[in-house]
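> This structure is in structure tokens; I'll ask about it shortly.
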Amino acid sequence: MAVINYSTIIAVPLVAALMICSVSANFQRDVEITWGDGRGQITNNGDLLTLSLDKASGSGFQSRNEYLFGKIDMQIKLVAGNSAGTVTAYYLISPGSTWDEIDFEFLGNLSGDPYTLHTNVFTQGKGDREQQFKLWFDPTSDFHTYSILWNPQRIIFSVDGTPIREFKNMESQGNLFPKNQPMRMYSSLWNAEDWATRGGLVKTDWSKAPFTASYRGFNEEACVVVNGQSSCPNGSEQGSRGSWLSQELDSTGQEQMRRVQSNYMIYNYCTDANRFPQGLPRECLSA
């Protein structure tokens, strides 16, 4: 397998363009705003997208493409100031009642308190795989890159190129892994004051509305599915050496992830014995 070397910045070779789609951002071309009655806006010739939330409604958008494996990058500048009760979500999800899903959710907070970065993985409608972090920078003062790498072997969540979480395919040990259902990328800004901030104890200050999150730098390197057919016809077999389809973390990436988890993780479902009195999930025991 190829590895991601996080100690240097290198160009990652891609497989043939006919097999894998690699597209740099143009929101007018690549996404559609799906709800919000004008609260979502695309400007700067398609380079910038903003979502807004007021007391009447939030807003959201989705990718035009559907993927079965990919590396999806998005630069986001989160709601500044008192963002308590707001959630900015950025995720991949498939349709249906037995859906697959890979989540970044940013839970707002009072001015001066850090956002909570919530991650989760669902397979066939089953989730409960949360890990949460406090970010080590102010995510509202500038854009930062949030990446999902999803291939047949693993899912890697990264922030500004630093891996924070890895979810491995352990189907051989009876664990579910999302690998059969195509997913689209979605993002939304919405009101979750009933649970998002300290379990709903802190409510949204609507005098600060409208709340706005900004997006740029959307990039997709992916197997795109059209009419049930993938642009990677043989799935993982199309992943040449160095491709994201076969990437894993090298020793530097593993060490960076351990450092982030040691210093900034605030919740890990794999250590919450009270939540799972009948025993921790199998993937926690076999990780």
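The backbone N, Cα and C atoms fix where each Cβ goes, glycine too.
For reference, TrEMBL lists these features for the protein:
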type	residues	note
ACT_SITE	GLU101	active site, nucleophile
ACT_SITE	GLU105	active site, proton donor
DOMAIN	5-215	domain 'GH16'
CARBOHYD	ASN109	N-linked glycosylation site
REGION	231-252	region 'Disordered'
SIGNAL	1-25	signal peptide
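Give me the lay of the land around each of these features.
For GLU101 (active site, nucleophile), the number of other Cβ atoms no farther than 10 Å from its own Cβ, over all displayed protein chains, is 18.
Non-local neighbourhood of GLU105 (active site, proton donor): VAL87, THR88, ALA89, TYR90, TYR91, LEU117, HIS118, THR119, ASN120, each in the same chain, at least six residues away, with C-beta under 8 Å from its C-beta.
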> Relative to the Cβ position of ASN109 (N-linked glycosylation site), how many further Cβ atoms are located within 10 Å?
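For ASN109 (N-linked glycosylation site), the count of other Cβ atoms within 10 Å is 21.
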> Need one number: mean pLDDT over the domain 'GH16' (5-215).
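Mean pLDDT across the domain 'GH16' (5-215) comes out at 91.
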> ASN109 (N-linked glycosylation site) to GLU101 (active site, nucleophile): how many Å between their Cα atoms?
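Spelling it out, the Cα of ASN109 (N-linked glycosylation site) and the Cα of GLU101 (active site, nucleophile) are 25 Å apart.
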